[in-house]
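Since the structure comes first, as structure tokens, the remarks are kept for the end.
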Amino acid sequence: MWKSRRAQLCLFSVLLAFLHSASLLNGDSKYMVLVPSQLYTETPEKICLHLYQLNETVTVTASLVSQSGRKNLFDELVLDKDLFQCVSFIIPRLSSSDEEDFLYVDIKGPTHEFSKRKAVLVKNKESVVFVQTDKPVYKPGQSVKFRVVSMDKMLRPLNELLPLAYIEDPKKNRIMQWRDIKTENGLKQMSFSLAAEPIQGPYKIVVHKESGEKEEHSFTVMEFVLPRFNVDLKVPNAMSVNDEVLSVTACGKYTYGKPVPGHVKINVCRETETGCREVNSQLDNNGCSTQEVNITELQSKKRNYEVQLFHVNATVTEEGTGLEFSRSGTTKIERITNKLIFLKADSHFRHGIPFFVKVRLVDIKGDPIPNEKVFIKAQELSYTSATTTDQHGLAEFSIDTTCISGSSLHIKVNHKEEDSCSYFYCMEERHASAKHVAYAVYSLSKSYIYLDTETSSILPCNQIHTVQAHFILKGDLGVLKELIFYYLVMAQGSIIQTGNHTHQVEPGEAPVKGKFALEIPVEFSMVPMAKMLIYTILPDGEVIADSVNFEIEKCLRNKVDLRFSTSQSLPASQTRLQVTASPQSLCGLRAVDQSVLLLKPESELSPSWIYNLPGMQQNKFVPSSRLSEDQEDCILYSSWLAEKHTNLVPHGTEKDVYRYVEDMGLTAFTNLMIKLPIICFDYGMVPISAPRVEFDLAFTPEISWSLRTTLSKRPEEPPRKDPSSNDPLTETIRKYFPETWVWDIVTVNSTGLAEVEMTVPDTITEWKAGALCLSNDTGLGLSSVVPLQAFKPFFVEVSLPYSVVRGEAFMLKATVMNYLPTSMQMSVQLEASPDFTAVPVGDDQDSYCLSANGRHTSSWLVTPKSLGNVNFSVSAEAQQSSEPCGSEVATVPETGRKDTVVKVLIVEPEGIKQEHTFSSLFCASDAEISEKMSLVLPPTVVKDSARAHFSVMGDILSSAIRNTQNLLHMPYGCGEQNMVLFAPNIYVLKYLNETQQLTQKIKTKALGFLRAGYQRELNYKHKDGSYSAFGDQNGEREGNTWLTAFVLKSFAQARAFIFIDESHITHAFTWLSQKQKDNGCFRSSGSLFNNAMKGGVDDEMTLSAYITMALLESSLPATHPVVSKALSCLESSWKTIEQERNASFVYTKALMAYAFALAGNQNKRDEILKSLDEEAIKENNSIHWKRPQKSRKSEHHLYKPQASSAEVEMNAYVVLARLTAQPAPSPEDLTLSMSTIMWLTKQQNSNGGFSSTQDTVVALDALSKYGAVTFSRSQKTTLVTIQSTGSFSQKFQVENSNRLLLQQVALPDIPGDYTISVSGEGCVYAQTMLRYNMHLEKQLSAFAIWVQTVPLTCNNPKGHNSFQISLEISYTGSRPASNMVIADVKMLSGFIPLKPTVKKLERLEHVSRTEVSNNNVLIYLDQVTNQTLAFSFIIQQDIPVRNLQPAIVKVYDYYETDEMAFAEYSSPCSTDKQNV
């Protein structure tokens, strides 16, 4: 009973469907309204109305309903019976970036009413933003130059305000930030300087748009040496399983296009299994080598593979230098030796319309195979056919689809009718096959339309494309006289073209068949992809449709041409770069050394790259569940219905008109039949799918191949979210070698032309130039990459060591390379100089014959005579000669007949460098004040090494201001030392700003140093927000409490000047807070750098005072809970100190006094200062404090040594405590501070710093605050005179206009006595620096050093050019252990360290860091005790040097710099006269 009832309901539903058709056939009005499913604000959008068989006037209304209300889009009165019209409307900008709304379409007449709603996505019109950098890879310390480009989707420039941009390092630290960036005509050019030691790896430039979306661009920071040449590797893409030999061609070419002399090593390895073949060969005259590598033994013996992959690597080694460069490639060994590629095969078929198939047969190299049989089989039809490929390897088939009963069509195409190697374990070649599946298009009446186009072709812009439309119409067409086909073209989500075609129907024609052509203009607005929909409405209301996608050429309307005035230029010559673009275009130019792109290839800025940007993509809109569409009627499923009315039961793979419309990105409002009948079950609507037909197992295994063209093997990054002189040059002196040559913005004139005159850099290379132009009329334009070869017909290269010691001799070599096809008579000259003697080696120095494409090396044995920097100028000149050059006549090039290279050599005195600085602050009123000074030298001084100069400056910070990045004569390799490069810039900026002396030049320089220091300090940050000496990359398990507090206060103070990511400050503060105990004191984490901070004082007390001070200097109020508890800790600690009156707590008391002063607790500050006064040392008009115990001095001093780091630091804290008095320091505070300042200035070194890092930072803070409080602009001049007991005398005038100027004079008498006199009004800072070298002598020192070379003697032939240096170090001073220690190993002249062996030392437990500078190896040791530490590394000869002098090893305590020791080592062959 229930089943019978169910069947009746189903039949009733079917009848309803037929009644609906009948009603439409009887003349009811038909409506079809099409609108894009995604609508954009502030831009014209179209909605297309198709109203058919109207019998009355109607009004069409469209409105958009959102949570904010209803927006009426248009009201259109329709008077015509039939209407096909598109109406434009504009949606105002949304407050959010997008929202899902309902679009309502209402059609109302006197007797008719149609109303429907559909969900649409409304989006604000978005900009397209991308970033271009001047190059893809940077060295530490270089400037990152980049452009932000902003356009609309039509690629027109936008003047856009971008709220935020920043640079992110590999650790996700935000190291630089900009806000509110305004692009002008679509462009904004910016730059950022990297720190000298940044984190290396991938960096990101991130740009935020107003919508909140962000665009990213990546670049890499790494240490590198630019490759001088490139390696081109050619291997076949694929080979047959029967091939025994792999042909490999490797070529080495210099960046200026000439072949590389040398040899090549080729390695061929299988991917999945072990086994390689290596072949070595010499490069030929073209720089190439082709090798046939036998691979039979490498091929896999397994039988179950389809493809084997072989990796090929070619390493070219340059002759003479040993420089290497590699290139890799892959080749596939395949069992299928030819391929069939589908060029045409639609995804769907239509019953009754032929299904067209076009394939191409290609061989394993991708070349077409003509005159070969190709077989096709269609499983559903039991259809087979064969044809022969034409000359292009093409084969075409047409399959009659009339008799297909199912919903799918499975096709297989074979090269051979039967494959003799179809079983699994076959090792023979297999023949090509390809498969394709097409599914049916749904039509109730079996009527269809089909658009025929070559989908594989790319349509060129600004042309007409013809589309053939085929149709077949069945069913009851009545007395239909004509049929109108309507079409729409969409691109970028909008309707851009519409049209129609009318077909006249012949009386009695059944079925109606035909075809017609549509001509579609290919417009720029269609790039890169357009979709076309065609449909017609049959008399019964059924709609039939088809669609096709067009891939459009990625063209740009702004045609940009870039060219150099010549394709090849001499280095240092003038050239012109000419840009042609749309008038008034703004163009960004770039030219980069090709070597940079060899090192790290990048995606070329091209139209394809632009159209792949995220902002250019069109995503499909799927409504959310809350905006689901109105429920559709459905037919209740029954087996009876399925059996009796199969034409009414669709399969899930069939495609209806609704899907065609949806795939176009359209939404349809209609009362027509465009959708498959939905089968509904008792539990709801479910579309039914027919069982999928599985392909015959005989078709497997197979590989499907798609049409593709490989343009280059070079790896690319994925798309990103990234006037010339007419006079020939006769001589060039080359010294300018940039990596980026051109990075500029120019505007083309009204005729569309711009010319830039520029000088070609000195690098002999190929420059790659490109232009990006933006026009308000034509939008974006890109030039192709334009090369300029900077090349000389011949040039000279000079090699010499970085430095030598006086008395040593070395071989200076000059190699001349001739790349002309003719020979030249050459003359090579080393310019004479009184600074050295040079003896030619060989008898061809004056003149020799240099053959075509040849090279020749001339040598001189050079012995320097002067100390310091010595210039060597080598010139190579082609000369006129009547004598034949070999069998040829010698030629002289028209341009560039002379090449000159100037190089500098540092000549150092032998022995150990010593420096003494005598600094004084003179404050004169009216009476003249004077001071005597004696310069004396030790008996072991090295002859002629002494030099001295006297400096006068008008400001207390002048020296430090000039040397903010060189305050110490020490390395800066750890997190604490780096802060001396950072913090002093804050004090300098504050001081100069308060005293109104800040110039733009000083400000720019200081801000640059702050940004670099900020970047570098992030290297030492731990994941928990703390900081340590060497960061967490060296395995340090915990951060350092003291350093974290130091970084916290410095970052907080720097916020006033540069961008500091607030998260770094917050994380550091949180970590410190977690270290606070219940009593308010702080637990120590990590070791103290300077154990003088202990000095009999409770570590926790001193550390807590320092952290409290740092928190207060970070602008935290004294009432903050953490600070308040910390101050309670200090008050308790002060009580303990008062009770222990016999102990000395000078360092801790100085810190506490400053902390209480910062907190505003004047009483406690005064108490502590009074206690300190009792321990003060008052002498020579100065007041200072000393430590109770001092470390043992390492030698007898000629001069009173500088105070230790801790003593400078605690005296500076006393000054800061006095100057921080509230509301202002009293006259007594200023007077007492002045007395301590006098003592502090005498401790300064020649660069304005002090003994070490922390004392330099604190003392400069004190000096800057004192200078600001006491600053005055005197109208009078201060006169400074220095005179010797002999005839020397020099006067200096200091006034407001030259306060910051360094005035200096060399002192002639060493040894000698001098008098310094100061008269006038005001304070001046005077400094004398004495430097000399002294011979190493045995002395009592705080360290024991033992140095030895391995081998010890020259008996081992390796001792000539490479040997090991072994060191043993122990501490012999008065303390249990040293502070951090630096072992500074100077290189022998002409030798360089083998970097991997130095880096390997960092694996040792006691080595924290190593550095390799120009001429030194620095080894950082955590601390040294009486236990001997041993380590070794290897050095190798770079340039031969004769009469090698010993090199010095210096070991010293970083914070107690008078604790040091020296040793020396010699080459095992130092006395070997054949060392050169």
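Just so you know, the numbers here start at 1 and follow the chain as drawn.
Backbone N, Cα and C define each Cβ position, glycine as well.
Now, the feature entries from Swiss-Prot:
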| type | residues | note |
| --- | --- | --- |
| SIGNAL | 1-27 | signal peptide |
| DISULFID | CYS48-CYS86 | disulfide bond |
| CARBOHYD | ASN55 | N-linked glycosylation site |
| DISULFID | CYS251-CYS276 | disulfide bond |
| DISULFID | CYS269-CYS288 | disulfide bond |
| CARBOHYD | ASN294 | N-linked glycosylation site |
| CARBOHYD | ASN313 | N-linked glycosylation site |
| DISULFID | CYS461-CYS555 | disulfide bond |
| CARBOHYD | ASN500 | N-linked glycosylation site |
| DISULFID | CYS587-CYS773 | disulfide bond |
| DISULFID | CYS634-CYS680 | disulfide bond |
| REGION | 710-729 | region 'Disordered' |
| CARBOHYD | ASN749 | N-linked glycosylation site |
| CARBOHYD | ASN776 | N-linked glycosylation site |
| DISULFID | CYS849-CYS885 | disulfide bond |
| CARBOHYD | ASN871 | N-linked glycosylation site |
| DISULFID | CYS923-CYS1323 | disulfide bond |
| CARBOHYD | ASN993 | N-linked glycosylation site |
| DISULFID | CYS1081-CYS1129 | disulfide bond |
| CARBOHYD | ASN1142 | N-linked glycosylation site |
| CARBOHYD | ASN1180 | N-linked glycosylation site |
| DISULFID | CYS1354-CYS1469 | disulfide bond |
| CARBOHYD | ASN1426 | N-linked glycosylation site |
Report the nearest neighbour of ASN776 (N-linked glycosylation site) in space among the disulfide-bonded residues CYS251, CYS269, CYS288, CYS849, comparing Cα positions.
CYS251
Disulfide-bonded residues: CYS773, CYS923, CYS1469 - member with fewest neighbouring CB atoms within 10 Å:
CYS923
Round to a whole number and give the Cα-to-Cα distance in Å for the pair CYS48 (disulfide bond) and CYS288 (disulfide bond).
64
Here the 10 Å Cβ neighbour count for CYS1354 (disulfide bond) comes out at 18
Counting across all protein chains, other CB atoms within 10 angstroms of the CB of CYS461 (disulfide bond) number 15
CA-CA, which of the recorded positions CYS86, ASN500, CYS587, CYS885, CYS1469 lies nearest ASN993 (N-linked glycosylation site)?
CYS587
If you measure from the CA of CYS276 (disulfide bond) out to 10 Å, which recorded positions from the list ASN55, CYS269, CYS288, ASN294, CYS1081, CYS1129 are inside that radius?
CYS269
Restricting to the same chain and to sequence separations of six or more, state which residues have a Cβ under 8 Å from that of ASN871 (N-linked glycosylation site).
SER833, ASP835, VAL902, LYS903, VAL904
Pick out which of the disulfide-bonded residues CYS48, CYS288, CYS1081 has the most other Cβ atoms within 10 Å of its own Cβ.
CYS1081
Which recorded positions sit within 10 Å of ASN313 (N-linked glycosylation site) - Cα, from CYS587, ASN1180, CYS1323, CYS1354
none
Sort the recorded positions CYS86, CYS288, ASN294, CYS773, CYS849 by C-alpha distance from CYS1469 (disulfide bond) and give me just the closest.
CYS849
Residues near ASN294 (N-linked glycosylation site) in space but at least six apart in sequence (CB under 8 A)
GLU244, VAL245, ARG277
Cβ proximity for CYS849 (disulfide bond), under 8 A, sequence spacing 6+, ordered by residue number, returns SER823, MET824, GLN825, MET826, CYS885, GLY886, ALA890
Once the DSSP letters are reduced so that anything not helix or strand counts as coil, what is ASN500 (N-linked glycosylation site)?
strand
Note: among glycosylation sites ASN313, ASN500, ASN776, ASN1180, least Cβ-dense neighbourhood at 10 Å is ASN1180
